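The feature signal peptide is assigned by Swiss-Prot to 1-26. Per Swiss-Prot, the feature Ca(2+) binding site maps to 154, 255, 256, 258, 285. For 401, the entry in Swiss-Prot reads active site, nucleophile, with the evidence type similarity to another entry. What Swiss-Prot lists as disulfide bond is 410-422, 546-616, 738-766. Taken from Swiss-Prot, the feature active site, proton donor covers 461, and the record attributes it to similarity to another entry. What Swiss-Prot records for 536 is site 'Transition state stabilizer'.
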C-alpha cells in the first residue's frame with residue numbers, strides 16, 4: 001500500500017518509504033443505509049448516518065459531473081443517528097432527471113450550524129473548520145454517500161485535477177465542490193448471476209495475485225474494447241485454469257482515485273495504479289468497466305465473477321479498511337485544512353481516529369488517518385460492505401491491507417498510559433479484545449471450514465506502521481496471514497549466503513508450514529500464505545536478477561518513489577561476471593519450487609509464470625504503464641518457465657501430502673542430512689550447514705506416492721544419499737532445478753519421471769538448487 005505522491009496534498013498523507021467463527025449475523029446493514037428503490041420502483045429512499053449533524057440535505061443530479069443540482073430534499077432524523085427521506089420517482093422525473101439518478105449530501109453541524117441565508121459558496125453560519133469535538137462539517141462540500149453502490153467519477157479526473165475544491169481551511173472552505181464532486185448512483189438491483197461459488201478447502205488453493213487492468217490491458221487475444229476491464233479479466237478464466245490456479249486475488253477494485261491516470265500520457269504524473277486509495281467501499285471501480293453506464297460496472301463485475309466460478313476459480317479481493325482516500329490534514333501544523341468529500345463531512349469523529357484534542361488524526365497507515373475501526377458504526381460499514389461484496393457481487397474471500405489496524409483497540413480520546421485498552425497511546429493491537437474489528441468480522445461471517453464448504457476465506461496483511469502493529473502470527477483463529485517471514489527467509493537462503501547467517505532450521509520450518517507462527521493459536525499449515533513476491537516489491541524474476549531496487553528509471557519502468565531497501569535480491573553474479581541468465585532462471589525455478597512444495601497456501605504474483613520483470617523497480621504503485629501490464633508474447637525461455645510453473649502447480653494439486661490439513665507428525669515427515677542420516681540436534685544447530693532434505697510418507701497422508709525433496713543452499717555441488725523409499729518402490733526424478741536441466745522439460749510430465757534408485761543411491765546436486773523425487 002502506497003500514498004501516491006501526486007495526491008499528497010489532496011489526501012493529506014505522508015509519502016513514506018482465538019475467537020471462533022459464528023453464523024452470519026442477521027442484522028447486516030440493519031440501518032438500511034444507502035439509496036434504494038422500493039419493490040415497485042416508484043420511490044427511492046435515501047438513508048445516511050451522522051451522529052453529529054444538525055441538518056442534512058439531499059442533492060439530486062441528472063449527470064455525475066459538471067451540472068448543477070436538479071432538485072433538493074431535506075432529510076429528517078430517523079433515530080439512532082440515521083437521517084432519511086423518501087422521494088417519489090415521479091418527482092425526480094418532473095425535476096428533469098429521466099435517466100440515472102446521481103446524488104450527494106450537504107451537511108451542517110456544531111462547527112458550521114445551518115443559517116437561513118446560506119448559499120453555495122457562502123460562509124454563512126461558519127464557526128470553525130474543526131471544533132473541539134473534532135467535527136468538520138462544511139456545507140460547501142458535496143458529500144458522497146458511504147453506502148453508494150456506484151460512484152460517478154473520482155475527485156480528480158480528466159476534467160478536474162484541482163484537489164483544492166474539496167478542501168477546508170481559510171483558503172478553500174467557501175469553494176463549492178458540487179459540480180466536481182463524486183456522486184452516488186442509484187441502482188436498480190442487478191439480475192446478473194455470479195455463478196456457483198467453489199467450496200474447495202483453502203489448503204487446496206493456489207492463489208494468483210493480479211491487477212484487474214494489468215491482467216489484460218495489452219493482451220492482443222482479447223478485443224481492444226475489453227482489454228483492462230472486468231469483462232476482459234473474465235475472458236482469462238480458462239488461462240488461469242490451464243495454469244492450475246484455483247483462486248484469483250485482485251488488487252483493490254473498490255472505487256479508487258485513478259481517473260486521472262491518463263491525463264498526461266506516457267508519464268507517472270497523477271498516477272495511482274495499485275489502487276490503495278479507496279473512495280467508497282461498495283462501488284466497483286468504474287475505470288475497470290467496459291460498460292461505464294449506470295449499473296454497468298456492477299453487472300460486469302458480477303459477470304466476471306461468474307466466469308471464474310464457472311471455471312472452478314475463487315475470486316478474492318484486496319480491501320483497504322485501514323484508511324480512506326480522504327487522508328489526513330494537509331500539514332502537521334495546520335489542523336484546519338483537510339480533504340472533504342464523504343466520511344469526513346458526514347461524521348468525522350465516527351469514521352476517523354482522532355488524536356488528543358481532536359484536531360488531528362492518529363495514523364498507522366502512512367496515509368494520514370486511521371479509519372476508526374474500534375467504533376461500532378465504522379465497523380458496521382466494514383461488515384456491511386464485506387457482506388455486499390460476498391453476497392451480491394459473489395466474492396469468495398478478502399485480503400485485508402494493513403490488517404493490524406483492524407485489530408486496534410483504541411478509540412478517540414483514549415491516549416493516556418492509564419487507558420486500560422490503549423497502553424501504547426492511540427494504537428494498540430489486541431486480538432484478545434472481542435470488540436476489535438478482526439473479531440467482529442469473525443462473528444459476522446462464516447469462515448470456510450478446514451475441510452471445505454461454504455464460507456469466506458480471510459487473509460490478513462499482519463502489519464502496519466508503528467506501535468505493536470507487526471503481528472505476524474498474532475491474529476486469532478479463523479484468519480490466515482501473509483507470511484512475510486517465509487518470503488524473507490527463502491530469499492535470504494538463496495541470495496544472502498556469505499552476507500548473513502542462514503539457518504537451515506528456518507528453511508525446514510518454512511517447508512513444513514511455519515508451525516512456530518501458527519500452531520500455538522490453534523491454526524493449521526494452510527493458514528500460512530506462502531509467497532516469494534507480491535505486487536508490493538520485486539517480481540519473481542527480479543528477486544533473482546537484481547542487486548537492489550532501481551526505482552528512478554525512466555517511463556514506463558519508473559520513476560517511482562519509496563520502496564524498501566530490504567529486498568534480499570541478487571543477480572546471481574551476472575554483474576560480477578560470475579553468473580549468467582541461466583543461473584537466474586535456475587534460482588527462480590528453485591524459489592518457485594520451494595514455495596509450491598511447502599505446506600501452506602501458495603500465493604504467486606501474476607506474470608511470475610513467465611518471468612515478468614519490472615527492471616528492478618520494487619514500488620511500481622504509480623505506473624499505469626506497459627511495465628505493469630502482463631504480456632502474453634513470450635520468448636522461448638519464458639515459455640519454458642511457464643511449462644515448469646504449470647507442471648509444478650499440477651504436481652502440488654496431485655499430491656495431498658503437500659497440502660496437509662494439520663501439522664506433520666511422527667513418521668509423516670523425516671528430515672535428512674546429505675549423508676542420508678536423520679538430521680539431529682547437532683546438525684540443526686550448526687549454522688554452517690546449508691543443505692537439507694526431507695521425505696514425506698505419502699501413504700500416511702492419503703497420497704499414492706512418497707516424496708523426497710533435497711535443497712542445496714551451498715554455491716557448490718553436494719552429494720545426497722537417498723533414504724529408503726516405501727517397500728517395493730524406487731525413487732524417480734520429477735525435477736532438478738539445476739542449470740543442466742534448463743529447458744522445456746525441466747519438470748517432467750507424469751509418467752515420464754527418470755529412475756534414480758533406492759536406498760543408499762547417491763545424487764550429486766548442484767549449488768543453490770532443489771531436487772524433487774517420488775516413489776513408485
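In case you wondered, yes, glycine gets a Cβ from its N, Cα and C as well.
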Residue 738 (disulfide bond) and residue 154 (Ca(2+) binding site), Cα-Cα, nearest whole angstrom: 50
Residues close to Ca(2+) site centre defined by 154, 255, 256, 258, 285, Cβ within 8 Å: 151, 254, 257, 259, 272, 275, 277, 279, 286, 287
Packing count at residue 258 (Ca(2+) binding site) (other Cβ atoms within 10 Å of its Cβ): 26
Integer Å distance between the CA atoms belonging to residue 256 (Ca(2+) binding site) and residue 401 (active site, nucleophile): 14
Nearest-integer angstrom distance between the alpha carbons (Cα) of residue 258 (Ca(2+) binding site) and residue 422 (disulfide bond): 36
Separation of alpha carbons, residue 536 (site 'Transition state stabilizer') and residue 616 (disulfide bond) (Å): 12
Of the recorded positions listed as 255, 461, 738, the one whose CA lies nearest the CA of residue 546 (disulfide bond): 738
Spatial separation of residue 766 (disulfide bond) from residue 255 (Ca(2+) binding site) - C-alpha basis, Å: 49
Winner by Cβ contact number (other Cβ atoms within 10 Å) across the disulfide-bonded residues 422, 766: 422
All-chain count of other Cβ atoms within 10 Å of residue 255 (Ca(2+) binding site): 30
Candidate recorded positions 256, 285, 766, pick with smallest Cα gap to residue 422 (disulfide bond): 256
Coarse DSSP state, helix versus strand versus coil, of residue 410 (disulfide bond): coil
Nonlocal residues around residue 256 (Ca(2+) binding site), in sequence order (Cβ under 8 Å, 6 or more apart): 154, 272, 275, 276, 277, 278, 279, 285, 325
Distance, residue 536 (site 'Transition state stabilizer') to the residue listed as 'active site, proton donor' (CA atoms, angstrom): 12
Listed recorded positions (285, 536), ranked by Cβ neighbours within 10 Å, top entry: 285
